[in-house]
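Asker: Dropping a structure here in structure tokens format, bear with me for questions.
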Amino acid sequence: MAGASVKVAVRVRPFNSREMSRDSKCIIQMSGSTTTIVNPKQPKETPKSFSFDYSYWSHTSPEDINYASQKQVYRDIGEEMLQHAFEGYNVCIFAYGQTGAGKSYTMMGKQEKDQQGIIPQLCEDLFSRINDTTNDNMSYSVEVSYMEIYCERVRDLLNPKNKGNLRVREHPLLGPYVEDLSKLAVTSYNDIQDLMDSGNKPRTVAATNMNETSSRSHAVFNIIFTQKRHDAETNITTEKVSKISLVDLAGSERADSTGAKGTRLKEGANINKSLTTLGKVISALAEMDSGPNKNKKKKKTDFIPYRDSVLTWLLRENLGGNSRTAMVAALSPADINYDETLSTLRYADRAKQIRCNAIINEDPNNKLIRELKDEVTRLRDLLYAQGLGDITDMTNALVGMSPSSSLSALSSRAASVSSLHERILFAPGSEEAIERLKETEKIIAELNETWEEKLRRTEAIRMEREALLAEMGVAMREDGGTLGVFSPKKTPHLVNLNEDPLMSECLLYYIKDGVTRVGREDAERRQDIVLSGHFIKEEHCIFRSDSRGGGEAVVTLEPCEGADTYVNGKKVTEPSILRSGNRIIMGKSHVFRFNHPEQARQERERTPCAETPAEPVDWAFAQRELLEKQGIDMKQEMEQRLQELEDQYRREREEATYLLEQQRLDYESKLEALQKQMDSRYYPEVNEEEEEPEDEVQWTERECELALWAFRKWKWYQFTSLRDLLWGNAIFLKEANAISVELKKKVQFQFVLLTDTLYSPLPPDLLPPEAAKDRETRPFPRTIVAVEVQDQKNGATHYWTLEKLRQRLDLMREMYDRAAEVPSSVVEDCDNVVTGGDPFYDRFPWFRLVGRAFVYLSNLLYPVPLVHRVAIVSEKGEVKGFLRVAVQAISADEEAPDYGSGVRQSGTAKISFDDQHFEKFQSESCPVVGMSRSGTSQEELRIVEGQGQGADAGPSADEVNNNTCSAVPPEGLMDSPEKAALDGPLDTALDHLRLGSTFTFRVTVLQASSISAEYADIFCQFNFIHRHDEAFSTEPLKNTGRGPPLGFYHVQNIAVEVTKSFIEYIKSQPIVFEVFGHYQQHPFPPLCKDVLSPLRPSRRHFPRVMPLSKPVPATKLSTMTRPSPGPCHCKYDLLVYFEICELEANGDYIPAVVDHRGACMGTFLLHQGIQRRITVTLLHETGSHIRWKEVRELVVGRIRNTPETDEALIDPNILSLNILSSGYVHPAQDDRVFFGNDTRTFYQFEAAWDSSMHNSLLLNRVTPYREKIYMTLSAYIEMENCTQPAVITKDFCMVFYSRDAKLPASRSIRNLFGSGSLRATEGNRVTGVYELSLCHVADAGSPGMQRRRRRVLDTSVAYVRGEENLAGWRPRSDSLILDHQWELEKLSLLQEVEKTRHYLLLREKLETTQRPGPEVLSPASSEDSESRSSSGASSPLSAEGQPSPLEAPNERQRELAVKCLRLLMHTFNREYTHSHVCISASESKLSEMSVTLMRDPSMSPLGAATLTPSSTCPSLIEGRYGATDVRTPQPCSRPASPEPELLPELDSKKTPSPVRATETEKEPQRLLVPDIQEIRVSPIVSKKGYLHFLEPHTAGWAKRFVVVRRPYAYMYNSDKDTVERFVLNLSTAQVEYSEDQQAMLKTPNTFAVCTEHRGILLQANSDKDMHDWLYAFNPLLAGTIRSKLSRRRSAQMRV
């Protein structure tokens, strides 16, 4: 085994965070034991290969089959070396490599079981093999030592007493060793593990740019492993001693890479020095052991520099000496570390050539002791020869003592013999001889020490370590873990009493023996206690601790000159002795309590009944004590101040009351004067024009009823409003369908009309907000326009409101834009998954409503049992099946019949009807039942609620059943048959319905039949018409569609306390039955499996965007009605900068740091409790129509910790800010885009923001980790020539840190500021892009004119991208209204049929039972009822309903009808047509004809369905759909030179007539309505890079960084710039490309971009780059250019 080479292994680690952030590439490849490295700077260079004993590939994850784990590394290296140790050899394993390469991880690892390194695994395996030994003649002992080499100094990591640096000495026999290094005996692996943890804690580590926990020292873990074998035959014990050295080296580093400065730089220099020496030693040993040099003579250069470094000196035996050595070279795989990695490989390759001459260390102690004794004899003879023989006796006395005992004895003897020192000093060589003698005696004593003595010494050191920690106030558990911290038991100390302990840096300070200095960190002399603050001097005071008689320590406080120091509230100027419990104040804010444990203990012994203070001694106590000593009475001062404030408040309140009263009187006088002036101006004119009043016409009762009926009908007429909604929203519906087809969502959208009827009640989410307000006053049910969403993939149908469609459409557009950049495979996978985040899909329930049925309860009045067979009607009026229900009155204890499989309910449901609103409902003829709880059991009580429309509120051709209207047309409406029969005095109710008694009846759900097989799992639930709590439900039944009917046989007993409202309810109101089933007939069955398939992870993830909030309501501005905007006059793109400035120490307001990462596009990093200002800067192109006048108000509110906000809630935290300044400013240097003068307009305003005024905890506290605070800001800015202020709204994202926190700049910010091209403050802003639209004010006119001017143009004719894929699909229009009328008629007839069937069934039952019934149930009454019910009026939506036949109209009535007809057939007036809509005469006739067809009830539905307005009118959709999106042959927006005769109105406004000149001068007319909308920045980047810009009349080209996010191009100063400096709207700009122009200007690769305000010439780096930019700016133009180039090349090739 002797002469073996060093085992060398290399191991490559994964990328760290630093390398991943720089997108590093792997340059290391491993194949077997061969390692190859590639030069990233010269890829064509041949890779360098190295061969080692082991090559470990740990770059990938553990799932990789080639991954080398910690276990594998130990199995290959550690187990072999441990085996050598058991054989008796010295063993060494050390790790080598650059910093952060993974050396410590390989050697020491982590705490996890599978992450442990070589050292823990080797120790565990060592004791495992020891414990597995069964030979009784073998005994083992293990000693460990742990040291670190820091800055060429050795420190003991196991003994806390060895705080100083240890000396490295060299013995002729032992070689280099560390003097006084602790060697602790261990008996188990747990002991070693505890020692390793204790040694790793004080080890020196620090953070660098390369590694967050960089080892700043070399660590050497030594194990002395002794094996004793007792030979029973010879009675001889032999020993084998092995030394196991496990070395964790610090990594080599470069100062520029690690960013080392100061102490880190000094540490790195020492690390590099020792590693350089190690490299020299390895190289020298490799050269000595190499073949060619063996036969040569030893040269001077063969000297091996072991002594140049402490590391190599201690490892001398392990490098080419008596040791079995293994080296692990740790490698970094990143290309940025190529040089360091190549150097490591070369050193490892040289280390392979080193050969070590290892020998078995057998019986070393006997030989060593003999040689040491000979050396002692020789040294003693040397002393005798020099005349120092009397020292021999002293030395003999020390033999056999422990090293510590011998040293103490020698010291005491030397102190007593003064002449001995003189003799030693003057004797030549005597001092060296004595030193060597001491050294030898220490070694002999250590060798003679028994194993038990070593264990006792180890335990004593452990006790000393725990005692030292206990004295410092650290409590330890028995297993060595930390238990807690307590006050020291002996040492005097200072306890911090500050409210904020961070102000005084530490909670507790120790006062050491001697002098303890207190001062600032920048003092010339080093201070023991360092404090900071304005009133702390460089050397503030001194604590002097002296020991007096009896061992008592006395602490004296000595203040320095000019330092403010107080003890118990008194200022100290001379040295003062401190007593335990004294309060010490240094400066103004540092408050401490002095504690002296020994002194306090003695005082308690002297006075055992010492009084405790009445209040705790804390910071407040010390401050009050200081004020009292200074003669300041805070209580009296506060009372005086409070009295002054009260007096001031009283005076100001009286003054304000007086001023308010005076102002009120002034306003009243002014109003009276104005009123008199108006009366005098108008009354004479009115009197002159006044005609003689006509006699009041007396209407008959029939005429009043007719007028009331007509008024009510036309008030709730909905035809025109429904048509407007259908026409105005058609373009949204078309776009949604087009996107659905292109994204293959299999979802279709179509308009649908929904009416709130009994058979189709509207869910709350479809009702508009004002529905709840007018529900009580509305006589007809509400009809709304909704969107029917047919999810063909999942077989589901949903209904959306129009507002929800618009919201979802925004998300669809984003998904469509993203899909253009995502691979098609990913898009298809996205289609197969239904998630909550997909805007096309909604969650759908398992059960679907089949239909509803109604059962009336009037048979309970007689009472007779009835079995009803009622139709199950769907919301569309289709009969889906039939339901058999039995209703009968029963006694309270009657049992339910046995139906076999029927279900018997466990108890009787108790219902309570309240009469408190009965008189009100009786007067209104509305059978609405009010409910309240009675005294019955709350567990079984069910409440019927009385809110909502009447039970028969569905639309009907016959208003007989509405029961909600007090005004009816004569002979047109009548009460229902049942109600007519049963109306009468309630006092005459039958005996079974006595008021106050309990009435019990039974409802039995028998069977359901004729339900289609497409519905499975049928169940039924029923409830009272107005109840909204839990319904009565049956169990689900399987439905096959064949065989006998479904038998529910569900019995429910209901007990009611008879009240007037209950009797009124059973007279006219039904019970509603709802039948549900699982719809199992899927439209596309093969797609079901795709829906459940998991989505593969997308290769691209787009950032989450913040929602756009609505403006925060203004607090100071009066509520103004927004005027109706007319045609758009002009549009501007606004670039807005938002800054939050914080007050700095120098008094300036500096913009707060902004982190531009994340979905918020900018997060403000703010400090807690600092004054702030908000600065807003507006940038836009200079134009004549946009002039900012002043900022009316700036409001902030909606404080929240989520991006979303509930805008419906009233925010109490809205705050109006104080505007400090506003006006036009000059652009900053960094905001300029071009070299010339920036012609853009910069308008800036600033406001003070006190976040504490919001009274919000989110703004007052420090933001928790991973949380962000959101706030909405709205600025109301007044503009010239505008009717109202423009509103700019922005959502802020903020994070609050503590006041003194140092904000770490993000990586992007560091890159930005480190480049030196931009100032730090210029990047600390958040940008927003807005679109300003200035529209003309639409003239109000008369109500009739307003109706004719309503924007009812059909938007379905506007072109939408992708509508070619709709295959002729068109949104429903006017025909939908007529079809919905037929559905309502059908529902009304079905309802009448059910009522009549119930009436006939009840009458037949009464006749068969011979019960006397009311007269009205006779056949004559029935016929009369039927005749009267057949003459009802139509529903409020019907245009065909007419009152009953009347007498012939007179002349006045005919004139009124003709006038109404003219108004209905009137077209747009000439003014509106000329000013806003370019429409021809023929088109006007077409529109007139269409309106006529729509209003003519004689036309067929097919004719009415062809309603379409002119397709040449401009689109009414603003924002996303401009004028170019609609097919307009002659767009008339913004003509170049308008003709006076075509625009008379406009000319009159521009040049007012002389008659109205005075009025114009008095009050200028404002014509425009501003509208500012924030533009959501697209996450899709079409292209980004540098472009050169050239503007006319500028100095030269400007290089700018451009990012294209359609439809905008954003320009930055550089790629490190985070703030947009210029925005170019590509949708309105014109891109021009000309090869002739390039040749003429001699500027290749250029193209021009022209806007309304400027023209820019852009130059790309290459021809290909230019075409890429053209494609990003204008894809159609780029395609045209490429097509021309292709044709040109083809022609050239043919030639």
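Placed from the backbone N, Cα and C atoms, the Cβ positions cover glycine too.
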Asker: Could you check Swiss-Prot and say which of Thr491, Thr612, Thr1263 is marked as phosphothreonine?
Answerer: Thr612
Asker: Annotation phosphoserine per Swiss-Prot: which of the candidates Ser257, Ser547, Ser934, Ser1533 has it?
Answerer: Ser1533
Asker: Quick test of your reading of Swiss-Prot: among 262-321, 622-681, where does it put coiled coil?
Answerer: 622-681
Asker: For Tyr105 (ADP binding site), which DSSP three-state class applies?
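Answerer: Once the DSSP labels are grouped into three classes, Tyr105 (ADP binding site) ends up as helix.
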Asker: Please find which two of Tyr67, Gly100, Ala101, Gly102, Lys103, Ser104, Tyr105 have the most distant C-alpha atoms, given that the record lists them as binding ADP, and give only that distance in angstrom, rounded to a whole number.
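Answerer: This binding site's residues have a maximal Cα-Cα distance of 19 Å.
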Asker: Could you give me three numbers for the domain 'PH' (1580-1678), the DSSP helix, strand and coil residue counts?
Answerer: 22 helix, 38 strand, 39 coil
Asker: Which numbers of helix, strand and coil residues does DSSP report for the domain 'FHA' (516-572)?
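Answerer: Its residues fall into 3 helix, 27 strand, 27 coil.
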Asker: Near Gly100 (ADP binding site), how many other Cβ atoms are within 10 Å of its Cβ?
Answerer: 28
Asker: List, in sequence order, the same-chain residues at least six positions removed whose CB sits under 8 Å from that of Tyr105 (ADP binding site)?
Answerer: Arg13, Gly117
Asker: For the coiled coil (801-822), give me same-chain residues lying six or more residues beyond its boundaries with a C-beta closer than 8 angstroms to one of its C-beta atoms, as numbers and ranges.
Answerer: 725, 729, 732-733, 735-736, 739-740, 742-743, 749, 765-766, 784-787, 838-840, 1098-1100, 1102, 1105, 1520, 1576, 1578-1580, 1606
Asker: What does DSSP assign Gly100 (ADP binding site), in three states?
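Answerer: Gly100 (ADP binding site) sits in coil per DSSP, no helix or strand.
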Asker: What are the non-local neighbours of Gly102 (ADP binding site), defined as same-chain residues 6+ apart in sequence with CB under 8 A from its CB?
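Answerer: Within the chain, Gly102 (ADP binding site) has Cβ neighbours under 8 Å at Arg11, Arg13, Ser58, Ala330.
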Asker: Would you count the other CB atoms within 10 A of the CB of Ala101 (ADP binding site), including those on all shown protein chains?
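Answerer: Cβ-Cβ neighbours of Ala101 (ADP binding site) within 10 Å number 28.
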Asker: Count, for each of the binding-site residues Tyr67, Ser104, the other C-beta atoms lying within 10 angstroms of its own C-beta, and report the residue with the smallest count.
Answerer: Tyr67
